[in-house]
Amino acid sequence: MPTRSLPTFLTLLLLASIDWVSKLVVLLKSCQLSPHSSAFLYSYVWGHFSFLIIPSFNEGAAFGLFTQYKIPLLIFRVCVILGLALFLRIKYKSLHRRTRVALTLILAGALGNVGDILLYGKVVDFLSLSYYSWRFPSFNLADAFISIGTLLLIGHLYFTKESKKYF
């Protein structure tokens, strides 16, 4: 591995590790709850906005879709990870820094969630946001990394000419 891409690789491992550790902490803390305590580990309420840390599991894709296709989903996820990693590796020098950051975030999130599937058979979600009666589906840090990376990538490709190099 060239030394130029080493910081990207280490960042990828660090972010995936932060995701895994956060999930492990939530799972361990949730095991310590007594049966008579509330189900959430942390809550913050500000007006009509609330933030909860409450463990839940997702056996499908985003928002619990495709739960009946566990093996094909896992194969698809692994193929996406390998494809993105290969693209990042081959095109590293020619990619803009923002594109590398975006792809690193997406890969770290994907690795975090695939690690869950391999360890637990499902993805561990624990972050919950709501406003009034509207509740956003539970998510985790890996999901946040993927979302932020995707938004960065779309924004960068939309507002620059770099997209013409690849598409």
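Each Cβ is built from the backbone N, Cα and C atoms, and glycine gets one as well.
Lifted from Swiss-Prot, the feature list:
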ACT_SITE  D125  active site
ACT_SITE  D143  active site
TRANSMEM  8-28  transmembrane segment
TRANSMEM  46-66  transmembrane segment
TRANSMEM  68-88  transmembrane segment
TRANSMEM  101-121  transmembrane segment
TRANSMEM  139-159  transmembrane segment
Neighbour count (Cβ, 10 Å) for D143 (active site): 20
Contacting positions for the transmembrane segment (68-88) when only residues 6+ beyond its ends and CB under 8 Å are counted: 5, 8, 59-61, 95, 100, 103-104, 106-107, 110-111, 113-114, 117, 121
Secondary structure of D143 (active site) (DSSP, helix/strand/coil): helix
